[in-house]
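First the structure, in the form of structure tokens, and then the observations on it.
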Amino acid sequence: PPANVGRAPGPPDGGWGWGVVFGAFISIGFAYAFPKGVAIFFKEIQDFFGTSYSEIAWVSSIMLATTYGAGPISSILVNRYGSRPVVIFGGLLCGIGMVSAAFCTSILQLYICVGFITGFGLALNLQPSVIIIGKYFLKRRPIANGLAMAGSPVMLCTLAPLNQFLFDNFGWRGSFLILGAILLNCCVAGALFRPIRAATASVKTQVTEEGKDALKEEVTGDAMEMSSPTNVPVENKMEEEAEKDCCEKINQYLDFSLFKHRGFLIYLIGNVLMFLGFFAPIVFLAPYAKHIGIDEYSAAFLLSILAIVDMIARPTTGIVANSKWVRPRIQYFFSFAIAFNGTCHLLCPLASGYTGLVVYSIFFGLAFGMVCAMLFETLMDLVGAARFTSAVGLVTIAECCTILLGPPIGGTLIDTFGDYKYMFIKCGAVMVLAGTFLFIMNYYNYRMLAKEQKERKAKEEDPKSVRTENEGRNNWNKETAQDGPELEPLREEREGLKKEVNGT
């Protein structure tokens, strides 16, 4: 192979990377905004099928949970095939799912088509888009992540009034057909994800395969020459090696040693708790506005206001997070953003009328954009770019449970009390608790990291070799003091050796 094979090129931090950011902008935008934009149709679908709030909320919950729960599968496919084919295949699944949903005759069929099929397609768009940005950017990574994450509010700002327009003109079935065609644009976005290490990876794969083939031939030849009694331990050894290879392959795609990483566990617990109240307020914002007597277009416009503020907040947060004052302690900033988000939900029941909901949407959009802009940046800051792919997969599979339960729990509260304020209070309390937990535990983590670094420096300044030499010198003095005059020649020889050691 050429001499440069095996040397991983550094992130270019620009160039075609900005084209990749644009593709990620589209993919991430659909992955995050589409489950929220579909909520425009919930009131009408609920009346059409005669279901409750909690039953219709399962559509978005299943879609969001599948999007996050399929994270490990998406990570494995990215490691195996690369980001480009995975995103293109995900775009096809999204289109198929929404076109199929247009012909559904029951709420259960909507769960399958919109929830599982479209949700899995969105998962194949989200993970590769986040991963490939980490390969193209290092110094400008927070800014690139902020710009890519801005795709979510832009898409939401566009989809909310578009969905209402499509429903008024084509009904929810015709709207699903058109939305299925729109989602095929994810395939175009995936075509922009040019592999950064294609040539190196292909040569390395070829060399590895040749080495494996040669090793297999050698092992097979040795086994053929051996006699029958000796074959048993060889076969056992080969089985053990096969099991070891299987475990190594699994660990290659999903690094389970991350569960021993203190910072990763703190991030995981805080995020699992946060997602219990993260998406429910967006899902129920438009239905809540319609419930209190606001017309359909004004209710949809609340999502647009939220999205416009979110659109500005994400890149701004990326720039602030990349500054020299915030980036060394970005985990504190992330904790504050989560607590601020929860405070907005706690104050939402105080908003009366359309003006109050507009103010709530502005502050909610700001807090939501801050959290989303740093959601993956803080994870990469903790585990590093090399382990980020596995970390994203493990985090999303753990988060999918609370994402699945969040909106239905909110819908159950609405059905039980007949009022939306209890849903907002539940979401706000959970998110304030999650932000407080992350702030306290990150403070503890930073203290422990500083202590460990101090101990490491102390070891470097006081190496073992110096202590070992001092102990050896003391033992030498004791031995020479105990030796009698008959060992004088040996003592002189030892003294000479001692001088040579000290000189060395």
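Glycine is no exception: its Cβ is also placed from the backbone N, Cα and C atoms.
No curator has checked TrEMBL annotations; they are predicted automatically.
Summarising the annotation, TrEMBL assigns transmembrane segment to 16-35, 56-77, 89-122, 143-162, 174-193, 264-285, 297-313, 333-352, 358-376, 388-410, 422-444. TrEMBL lists 17-446 with the feature domain 'Major facilitator superfamily (MFS) profile'. Sequence annotations record features per position, and here TrEMBL assigns region 'Disordered' to 454-504. Residues or ranges marked as compositional bias 'Basic and acidic residues' by TrEMBL: 454-472, 488-504.
Long-range neighbours of the transmembrane segment (388-410) within the same chain, counting only residues 6 or more positions beyond its ends whose Cβ lies under 8 Å from a Cβ of the stretch, are 54, 57-58, 60-62, 64-66, 68-76, 78-79, 123, 127, 130-131, 134, 253-256, 258-259, 264, 267-268, 271-273, 275-281, 283-284, 376, 379-380, 382, 423, 426-427. Panel annotation: around the transmembrane segment (422-444), residues 266-267, 269-271, 273-274, 276-278, 280-281, 284, 331-332, 334-349, 406, 409-411, 413-414 of the same chain, lying at least six beyond its termini, place a Cβ under 8 Å from a Cβ of the stretch. Take the transmembrane segment (16-35) and the stretches 56-77, 174-193, 297-313, 358-376: counting Cβ pairs under 8 Å, 174-193 has the most. The stretches the transmembrane segment (333-352) and the transmembrane segment (297-313) do not meet in space: the count of Cβ pairs below 8 angstroms, excluding pairs fewer than 6 apart in sequence, stays at fewer than three. Against the transmembrane segment (174-193), the recorded stretches 89-122, 143-162, 297-313 differ in Cβ pairs under 8 Å, and the greatest number is found for 89-122.
Away from its own ends, the transmembrane segment (358-376) comes close to residues 32, 130, 145-146, 149, 152-153, 271, 274, 278, 281-282, 285, 302-303, 305-318, 321, 330, 333-334, 337-338, 340-341, 343-345, 347-348, 351, 392 of its chain (Cβ-Cβ under 8 Å, at least six residues beyond either end). The average pLDDT computed for the domain 'Major facilitator superfamily (MFS) profile' (17-446) is 79.
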